Amino acid sequence: MAQDNSPNKTTPVNHRRSRTKFTQDQLKILIKAFDKNPYPGYATKQKLALEANTEESRIQIWFQNRRARHQKKSEPDEDLESSQDQDHLEEEIQSREDRRSRTNYTSLQLHALIEAFSNNPYPGFDSREQLAKEIGVPESRVQIWFQNRRSRFHAQRKSEPDDGDLEQRQDQEQDL
């Protein structure tokens, strides 16, 4: 199918979300929470989002970035690693208990997501935000849906044999 690139049709330009700039007060809240627990659960991130007056998804990214920075700065000794592994295991069990509940999509929402994916598997922030408004879910859920769908799509393509491979195997079977 040919794509309509006429100037009359407005196509949203895919660009990145603007960088989130936290205030000093917001950073104090986040750093204090990070010092208590670098792996907060969904409920904790929701509370922090309300306290810091921002989105939970921004809090989640801040914690991911902060953990990455801390891991680079301090490479732990092997003795410390085993105790940290135990701590991490306990934190992981705790975080499972207060995870975000699974997002269930209606058939209409799924239809819209699948159609958008078939048009563009890598939509930009503006496209995801527009789609999120249309189907009534947060943009962060749309982003995760696309990530999961791309992952599943690539896994399926890897597991399917090429037509050339199939022909080659059939030729080999005939030779036997």
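First residue shown is number 1, and so on along the chain.
Even glycines carry a Cβ here, placed using N, Cα and C.
What TrEMBL says about a protein is an automatic prediction, not a curated fact.
As recorded in TrEMBL:
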DNA_BIND  15-74  DNA-binding region
DNA_BIND  98-157  DNA-binding region
COMPBIAS  85-101  compositional bias 'Basic and acidic residues'
COMPBIAS  157-176  compositional bias 'Basic and acidic residues'
DOMAIN    13-73  domain 'Homeobox'
DOMAIN    96-156  domain 'Homeobox'
REGION    1-24  region 'Disordered'
REGION    66-103  region 'Disordered'
REGION    152-176  region 'Disordered'
The domain 'Homeobox' (13-73), counted residue by residue under DSSP: helix, strand, coil: 42 helix, 0 strand, 19 coil
The domain 'Homeobox' (96-156), counted residue by residue under DSSP: helix, strand, coil: 44 helix, 0 strand, 17 coil
